[in-house]
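Colleague: The following block contains the structure, expressed as C-alpha cells.
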C-alpha cells in the first residue's frame, strides 16, 4: 500500500495577485463585449494606493479602463482606506500599446480555420474522478475555503474579515484514494479589534466545518488558522500584485503539469489560455466517459500555425482502452486548431472576469467544463455505460 500526502493552496479574490488578474480580465471582458475579434494582452500591477494597467490591445472598442479598474476593486471589497487600499481614491495609470503587426500576420487568415496560434507553447489539461467536478480534491477544497471566506465576509456573518486570504489543504492518500485531510491552513486578513481566539473559533465554525466533508476530518487533522497571530495589514498594502503570478492556483494545484503560460488578460487567440481550456475539456470528457480514472492532455503549438505540433494523452495506468486509441479519439472528436477550439468552446464572449478568482477549472458555469462529448467517446471506444459502472 502506497501512502502519501499531497497539498494544494488557493488565495482569495482580495489577494494582490488576484486583484491584478481580475482587473486584467475585467478589461478583456469589456472589450470583447464590443469587439469579439479584439486582440488583448492586458497586464496589471497593484501596490499601495495605485494600479497600473499595461499591455498590448488592438481593438475597435473604447472602454474606460479607470472606471473598470475602480469597479473591480470595489466589488472585491477594498472600499476603505483603513484596509490599506481604496477603490475610490487609488491612482489608476494606463500604459497600453497595440499588438505587434508581426504577430497579426501570423494569426489572422482569410480562412478562419487556418487561424494561426498566437504564440508557440505547450499547455496541459487534467481531470480525475476523485471529486464530483472531476478535479483534484486538494485544490478543489482549497478554493472552496477561500470562496466561503469571501461569502461570510460579504454577507455580514463575519463582518470583521477583510478581503485578503489564503488557504492550504493537505490530503492523505492510500493507493491514490483519499483517506482523509491531514492539515488545513487558513490565513485571513481581519480588522484590528478581533481577538485571535475569537477569530480562530469563528473561522473553524463558519468557514472550515461547512466546507470540508466531516468524513475526511479526524482527531489527528491539524488546523493552522492565522498561525502568525495577526493579519491586519494585507492586500496591496502588504504585497504588490501582478497578473499571472498564481498559475498553479488557477489550474490543478500542482497535481498536474503546467506549460508555464498564465491566463488572465489574454483573448482566446492566445493559446496559453484557450488551448489550456480545451485540454481540460478533452481530459474531463475522457474521464466522464469512464475511459480513464485520471487523464492528462498535453497540446503544443508553433506561432502562426493552425495545427497543433503535438497531442499527448497520459492516463497513469488507469485507462480502460489503450492510450493510442484515446489519442485517435481526441483527434477525431476535438478540433484543437485555434479557430476550432474557440468555436468548440464558444470563447468569444465576456466570460473571463469570473475565471480570475477561485480557479479556472472545476466550476460548471464555464463551457470547457461540459461533458457533452462523453457519451460519443464512450460509444466510439466500444464501452457501454453499464460496463463502466457509471
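Placement of Cβ uses the backbone N, Cα and C atoms for every residue, glycine included.
Quick caveat, the model's predicted, so the values are computed rather than measured.
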Colleague: Do you know which of 99-109, 110-120, 121-131, 132-142 Swiss-Prot annotates as region 'Flexible loop'?
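Modeller: The range carrying the region 'Flexible loop' annotation in Swiss-Prot is 99-109.
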Colleague: Cα of residue 246 (ATP binding site) to Cα of residue 43 (K(+) binding site): how many Å, rounded?
Modeller: 13
Colleague: I need the least crowded one of these binding-site residues (230, 270), counting other C-beta atoms within 10 angstroms of each C-beta.
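Modeller: Across 230, 270, these binding-site residues, the one with fewest Cβ atoms within 10 Å is 230.
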